[in-house]
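Visitor: This is the feature table in Swiss-Prot:
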- C40-C50: disulfide bond (DISULFID)
- C77-C93: disulfide bond (DISULFID)
- C193-C323: disulfide bond (DISULFID)
- C194-C241: disulfide bond (DISULFID)
- C291-C301: disulfide bond (DISULFID)
- C334-C352: disulfide bond (DISULFID)
- N117: N-linked glycosylation site (CARBOHYD)
- N178: N-linked glycosylation site (CARBOHYD)
- N298: N-linked glycosylation site (CARBOHYD)
- N358: N-linked glycosylation site (CARBOHYD)
- Y591: phosphotyrosine (MOD_RES)
- Y626: phosphotyrosine (MOD_RES)
- Y631: phosphotyrosine (MOD_RES)
- 205-232: region 'Disordered' (REGION)
- 474-478: motif 'WSXWS motif' (MOTIF)
- 26-491: topological domain 'Extracellular' (TOPO_DOM)
- 492-513: transmembrane segment (TRANSMEM)
Amino acid sequence: MPSWALFMVTSCLLLAPQNLAQVSSQDVSLLASDSEPLKCFSRTFEDLTCFWDEEEAAPSGTYQLLYAYPREKPRACPLSSQSMPHFGTRYVCQFPDQEEVRLFFPLHLWVKNVFLNQTRTQRVLFVDSVGLPAPPSIIKAMGGSQPGELQISWEEPAPEISDFLRYELRYGPRDPKNSTGPTVIQLIATETCCPALQRPHSASALDQSPCAQPTMPWQDGPKQTSPSREASALTAEGGSCLISGLQPGNSYWLQLRSEPDGISLGGSWGSWSLPVTVDLPGDAVALGLQCFTLDLKNVTCQWQQQDHASSQGFFYHSRARCCPRDRYPIWENCEEEEKTNPGLQTPQFSRCHFKSRNDSIIHILVEVTTAPGTVHSYLGSPFWIHQAVRLPTPNLHWREISSGHLELEWQHPSSWAAQETCYQLRYTGEGHQDWKVLEPPLGARGGTLELRPRSRYRLQLRARLNGPTYQGPWSSWSDPTRVETATETAWISLVTALHLVLGLSAVLGLLLLRWQFPAHYRRLRHALWPSLPDLHRVLGQYLRDTAALSPPKATVSDTCEEVEPSLLEILPKSSERTPLPLCSSQAQMDYRRLQPSCLGTMPLSVCPPMAESGSCCTTHIANHSYLPLSYWQQP
């Protein structure tokens, strides 16, 4: 190219109007709520950009944007144009000098058609109320101190106004299968969780500003939305934020944007930052991580060892603050314990230990490296050393009081925390796999246990601290104590003795009642043992009743004879003229006992019918079983 041609091109470029500002479609959408045709915004409150749209293109120099503060002459703002597809032309003006941008003063702006000498549109605004901040930059995200926590820090493009901005965080799990972008799961809205980053010229903001409670985004469950739909947000007022409730071991994406706080400065939400991804460490509970101390000086941590993988433990101490001062803690190696059987087999647990103190919080991190070389991180819950005191295994002693009734005693492993120690006792029958667990009261040193007689059991005991001063994990179970309960002979002897005592007491009570209260004794005796009736009196009454109900004539039958006998009357001799009495006295008569079966049909006539009234025989035998023997004598 000739030198003169290069000179002309350079001159044309220098003389051409500069494209002073560019307004993106995203900026236009953020200002959609502004109904003014002439729209303005400020990124840092030290600049000002205004624009408007025209449907028809116009020659260069047709329009002019003028501005003026009160009692000042109008000045023109240099314009640049942008072609808008299917719409027209967009005219943009950016104030050239920072001194022309003043806060808290009304600014009068109007658009003038130079050729027609007409005002196209006009507006009065305050620069401090049209803020549209740029998205935060240098966003850093990492796992927090708790499993499922995410710690985010960022820097503001304009640090001078960062104290007058509030921030919004949007995040969600990263889905590698979705090539169009991550699906927004949930957004949280709350107040600040940590204050702004501490700068060299500022005061200790970490100690001055309070911290809000961490949010729980997954408390109500995830809610899937479309990629274009915005959900709720997490609001913060500083350069760091700590959120919780995420799923440990998952990957997340996040974005940030800012807005004037509405108190000192006003405006609209700015655009979202570029997405940042972060991998959260897994929960060390999956490895069975357990840390404890026996002497409040040395801490031992153990976790399950995985096959074909190596692991390493790390720790660091932090002060008790709501917002962490150390954004990027320095992890120290936890000294690994030597294996007792190297090369024989993979141990079940990996162990490491380190020295600690009781003036800071302990954080534990375990890194597991698999055979392909992939590193997986697992984070444990932070703890104080007095919350991880592990007691030695207690000793269990027992003795059988009676059949199936045991008295248990155990020796307290720590006399300095006897009232803060709780126990668990479990037992099972021989040949059974199910354990029954009992929890004695806090601080108990013994108890009783009732088991089935003539059975065999296994008993175990363990202890842990659970008081206001010390806490810790459960100790290991004691060695199984085998118990064989006795038979129920003692119970039978007890019942027999009880019956004897009750019987003797009853006899003594009756004797005492007879001696002290005879009348009550007689009533009690008649109530318990009624007297037998008089048999003679009862029989006599029975005979009288039977005679009254018997017929006047009775028949006597003698089954021993074939011919029925007849009643004979023995008359005296004719020489004896003296009449004999019809019935003599009982003392002068002989009686012959007859069989009752022979008297069934025999008619008896003790008193003849010719006898006078009142001369009936006095020897009336009611049962008709006897007859006078003299009546049967031969004449």
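Cβ atoms are placed via backbone N, Cα and C, with glycine included.
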Visitor: Please identify, among the recorded positions C50, C93, N298, N358, the one with the smallest Cα-Cα distance to C352 (disulfide bond).
Guide: N298
Visitor: Within 10 Å of the Cβ of C291 (disulfide bond), how many other Cβ atoms are there?
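Guide: Its Cβ has 28 other Cβ atoms within 10 Å.
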Visitor: What Cα-Cα separation, expressed in whole Å, is found between C301 (disulfide bond) and N358 (N-linked glycosylation site)?
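Guide: For C301 (disulfide bond) versus N358 (N-linked glycosylation site), the Cα atoms are 17 Å apart.
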Visitor: Identify which of the disulfide-bonded residues C40, C241, C301 has its Cβ surrounded by the largest number of other Cβ atoms within 10 Å, counting every protein chain shown.
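Guide: Highest number of other Cβ atoms within 10 Å: C241.
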Visitor: Using Cβ atoms and a strict cutoff of less than 8 Å, what residues sit near the motif 'WSXWS motif' (474-478) while being 6 or more residues removed from its termini?
Guide: 390-396, 413, 424, 426, 460-464
Visitor: Using the structure shown, find which entry in N117, N298, N358 (the glycosylation sites) has the sparsest Cβ neighbourhood within 10 Å.
Guide: N117
Visitor: Consider the recorded positions C50, C291, N298, C334 and say which one has the Cα lying nearest the Cα of N358 (N-linked glycosylation site).
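Guide: So, of the listed recorded positions, the one sitting closest to N358 (N-linked glycosylation site) is N298.
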Visitor: Between C-alpha atoms, which of these disulfide-bonded residues comes nearest to C50 (disulfide bond): C77, C93, C241, C334?
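Guide: The answer is C93.
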Visitor: Using a 10 angstroms cut-off on Cβ to Cβ distances, just flag whichever of C50, C77, C93 is the loneliest among these disulfide-bonded residues.
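Guide: Least crowded of the disulfide-bonded residues C50, C77, C93, by Cβ count within 10 Å, is C77.
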Visitor: Would you count the other CB atoms within 10 A of the CB of C334 (disulfide bond), including those on all shown protein chains?
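Guide: There are 22 such Cβ atoms around C334 (disulfide bond).
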Visitor: What mean pLDDT score does the topological domain 'Extracellular' (26-491) have in the model?
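Guide: Reported value for the topological domain 'Extracellular' (26-491) is a mean pLDDT of 81.
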Visitor: About how far apart, in whole Å, are the alpha carbons (Cα) of C93 (disulfide bond) and C40 (disulfide bond)?
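Guide: Between the Cα atoms of C93 (disulfide bond) and C40 (disulfide bond), the distance comes to 9 Å.
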Visitor: Across all the protein chains here, work out how many other Cβ atoms are within 10 Å of the Cβ of C352 (disulfide bond).
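Guide: The answer is 22.
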Visitor: Using C-alpha atoms, which one of the disulfide-bonded residues C40, C77, C241, C291 comes nearest to N298 (N-linked glycosylation site)?
Guide: C291
Visitor: If you compare CA-to-CA distances from C334 (disulfide bond) to each of the recorded positions C77, N117, C291, which comes out shortest?
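Guide: Ranked by Cα distance from C334 (disulfide bond), first place goes to C291.
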